[in-house]
Amino acid sequence: MTDVQRSLVLVKPDGVRRGLSGEILRRIEAKGYALAAVELRDATPELLAEHYAEHEGKPFYAPLVEFMLSGPVLAVVIEGQRCIEGFRSLAGATDPTVAAPGTIRGDLGRDWGLAVQQNLVHGSDSEESAAREIGIWFPQL
Ligand code: GDP
Ligand code: MG
């Protein structure tokens, strides 16, 4: 039985600004996942309202959207067996201060004392989210 999945990964504006896009793609490829699409994009409020619909109404929602509009993001579709769970594991915990060393957030992120956790990457959290998010960012795929 094959379980080849696709997942939507975003290098968030902090990662792009800090010049970490290459390092993050390197880790994805070193893990063995394929890059199915890579595109530097400016998010829009409409796109982010769809992407982060589950977080609407939460206290960090407005600062999160503002942060995601603060610069370009690198939108990436990765592919491989169980890559949804696998990339979440590579990314580490949401809070970069406590994300385990060895993970993207644990090795490269920290708390900057800002209103939203600037944690370098987004990764889809389920097959359903992945299909939905890939449809938002790459409707042509
Ligand atoms: P993820 O799946 O690990 O990215 O985390 P979530 O889906 O729960 O949250 C989406 C994004 O919102 C996170 O990656 C953070 O950038 C931000 N965020 C989530 N929870 C909090 C929080 O409690 N406080 C703040 N300031 N930001 C948060
Ligand atoms: Mg999430």
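Backbone N, Cα and C define each Cβ position, glycine as well.
Unlike curated records, TrEMBL annotations are generated automatically.
Neighbour density for His122 (active site, pros-phosphohistidine intermediate): within 10 A of its CB lie 22 other CB atoms from the protein chains shown. Annotated active site, pros-phosphohistidine intermediate per TrEMBL: His122, in sequence order.
The secondary structure of Phe60 (ATP binding site), as reduced to three states from DSSP, is coil rather than helix or strand. The feature ATP binding site is assigned by TrEMBL to Lys12, Phe60, Arg88, Thr94, Arg105, Asn119.
Under the heading domain 'Nucleoside diphosphate kinase-like', TrEMBL lists 4-141. In the predicted model, residues of the domain 'Nucleoside diphosphate kinase-like' (4-141) average a pLDDT of 98.
A distance of 9 Å separates the Cα atom of Arg88 (ATP binding site) from that of His122 (active site, pros-phosphohistidine intermediate).
Taking Cβ-Cβ distances under 8 Å and a sequence gap of 6 or more within the same chain, the neighbours of Lys12 (ATP binding site) are Phe67, Met68, Val73, Gln118, Asn119, Leu120, Val121, His122.
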